[in-house]
Each structure stands twice: as structure tokens, then as C-alpha cells.
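Asker: Just passing along the structure, written as C-alpha cells.
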């Protein structure tokens, strides 16, 4: 993928707060399921914003670094999803989303970002991302000191 879309920590907080606003009233939710690993940070933010204490994970492995591969379910709470909010950072090809829908047909499924191939599989999302764009998540980056321009030239 040649294009990149960078999400900062501030962006992530803002996007998740927007998602949380849409999930009111919070009392309708029994809990939150974060899709590991990308949905873990958004799940924590939604849990805070909505005051939800019951947070669990569904663990599906479908990426090996930046390449998609076969899907493996590593952990899955056993229920149909009724009363649960499922959160992931992104819906891309839709493969993971299809599996989530199959496993939890009664849950509400939201993502922070959505690409065209998968966006119809989620109930809500905040940011549209072109299909050919790689998303740089804040947890994949480090903050580092950058030398001022005037010092580099000496």
C-alpha cells in the first residue's frame, strides 16, 4: 500500500469519544468486547467514556506483520453478543468482521476506521479510509526527539 493515514493518540481519543456518544444510553450495554489486538485501546477508551466495567476480548489472528493470512480464533467468549458492544480499530477486507458477525449475531459492531470493502459489515464507524491506504496506529509509533533544522546544517 502506497498511501498512509496516520492516527495520533489525540485523534484516537477524539474518534473513540465520538463513537461513545453514539452508544448512549450506556445502560443498554452488558459489556464491551474488544477485538484483539487493534480493538483493545478503543475498547478501553469506550469503557471509560461509557462507564462500563465489563470488558472482554475476542482474539482473532488474521495479520502477520502487515500481511493478511488465514484467520485463527484464539479466544472467544461464549454467547450470542446480545447486549454487547464489539469494537475494533478497523474494518478492512471484511474477513474478520464476517467472522465476528457469525460468532456474535446479536452484538452491535463498531470500528474507528472503515475501508470500502468492509464498511457494510459494521454498524457504525467514524473515519472513512481508502482501500489502498495503510493506517499507522498510535501504538505502532514512538515519539522521538528530532534535531532542529538549524543544528543539522552545522
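Using N, Cα and C of the backbone, Cβ positions are placed for all residues, glycine too.
Per Swiss-Prot, 5-phospho-alpha-D-ribose 1-diphosphate binding site is recorded for 37, 38, 69, 88, 89, 90, 91, 92, 93, 94, 95, 96. Per Swiss-Prot, GMP binding site is recorded for 69, 92, 93, 94, 95, 96, 134, 135. Per Swiss-Prot, Mg(2+) binding site is recorded for 89. The guanine binding site annotation in Swiss-Prot covers 92, 135 and is backed by sequence analysis. Summarising the annotation, Swiss-Prot assigns xanthine binding site to 92, 135 and lists sequence analysis as the type of evidence.
Explain the structural surroundings of these features, please.
Answerer: Around the Cβ of residue 95 (5-phospho-alpha-D-ribose 1-diphosphate binding site), a 10 Å sphere holds 17 further Cβ atoms from the protein chains shown. In the three-state DSSP reading, residue 95 (5-phospho-alpha-D-ribose 1-diphosphate binding site) counts as helix.
Less than 8 angstroms from the CB of residue 89 (5-phospho-alpha-D-ribose 1-diphosphate binding site) sit 38, 39, 41, 42, 111, 112, 113, 135, 137, each of them six or more residues away in the same chain.
A strand conformation is recorded for residue 135 (GMP binding site) in the three-state DSSP classification.
Of all Cβ atoms in the shown protein chains, 26 besides its own fall within 10 Å of the Cβ of residue 92 (GMP binding site).
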Asker: Of the binding-site residues 92, 94, 96, 134, which one sits closest to residue 37 (5-phospho-alpha-D-ribose 1-diphosphate binding site) when you measure Cα to Cα?
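Answerer: Of all the candidates listed, 96 is nearest in space.
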Asker: Provide the three-state secondary structure of residue 37 (5-phospho-alpha-D-ribose 1-diphosphate binding site) computed with DSSP.
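Answerer: Looking at the DSSP assignment, residue 37 (5-phospho-alpha-D-ribose 1-diphosphate binding site) belongs to neither helix nor strand, so coil.
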